[in-house]
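Here's the structure we're looking at; comments come further down.
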Amino acid sequence: MIGVILAGGESRRFGSPKAFAKIGDQYFYEIAYKNLEPVCQKVIIVTRDELLPLFPSHLLKIVDTVQFKGNGPLAGIYSAMIEELAEQYMVLPCDMPFLNRAILQRLCNVCSKSMVVAVRNEQHLYPLVGIWNRSVINIIYDHLQNNEKSVLHLLKKIDTTWVEAEYLTKNPSYYFQNLNQPLEERSE
C-alpha cells in the first residue's frame, strides 16, 4: 500500500500552507507522514510546485500531473496513482493532524472489495481519509477530463464502503478534525 499525503491545497481560509502549520514542534505533513509510514510501503506527498523546496529532500514529493494541475484532491490522488504503481493507496489530507497510527491501522483492517473505503460519522463524511483501490484510476481520469473535481460526487457513482468513524476511535469528533484556521485562532 502506498501512502498519499494531500498537501497541495491553497489554504485560503488558513492563510498559509497547512502542511507547514505546527502542533508543538511538528509540521502537519510530518505528523501525517509518521502515521502513514508504519502502515504503508512508501509515502508520497502531493503538493504544489512552489512548496516542493520547503519539504526535506529525502521525502518523495510530487505535483499534480500537468494535465490536471490545480484540480484539487482528485488530481492529487490520480497523480499519486500515476507516479507509484500499487493495488491500494491510503489517502490522508495534511490538515487532519489529530489522526493517529492506530486509527489508520484499524482502517487498514477493514476488509472490502470496494473501489474506495472512506470514513463517515453522523455529522460528516471524510472522503479524503481512506483507502483507494487502483481500479478507480480510469474513473478519476474521466471525472477530471470532464472538469468534475468533487470527490463526493465521484464516490456516489462508484462502489464505496463507508466505515463509521466510531468504529475506528471512541472520540471521532476530536481525531477527525479538519483544521481550516490556525490553532491559535480557534481558541479565541
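Using N, Cα and C of the backbone, Cβ positions are placed for all residues, glycine too.
Less than 8 angstroms from the CB of A7 (GTP binding site) sit P17, K18, A19, F28, Y29, A32, I45, V46, T47, L51, C94, each of them six or more residues away in the same chain. Positions annotated as GTP binding site by TrEMBL: L6, A7, G8, K18, D64, D95.
Here TrEMBL flags D95 as Mg(2+) binding site. Classification of D95 (GTP binding site) by DSSP places it in coil, neither helical nor stranded.
Sequence annotations record features per position, and here TrEMBL assigns domain 'MobA-like NTP transferase' to 3-151.
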Largest inter-residue Cα distance among L6, A7, G8, K18, D64, D95 [record-listed GTP binders, Å]: 18
Reduced DSSP assignment, K18 (GTP binding site): helix
Neighbourhood of L6 (GTP binding site), C-beta criterion under 8 angstroms, separation at least six: V46, P73, G76, I77, V91, L92, P93, C94, L128
Site with most surrounding Cβ atoms, counting all protein chains shown within 10 Å, from the binding-site residues D64, D95: D64
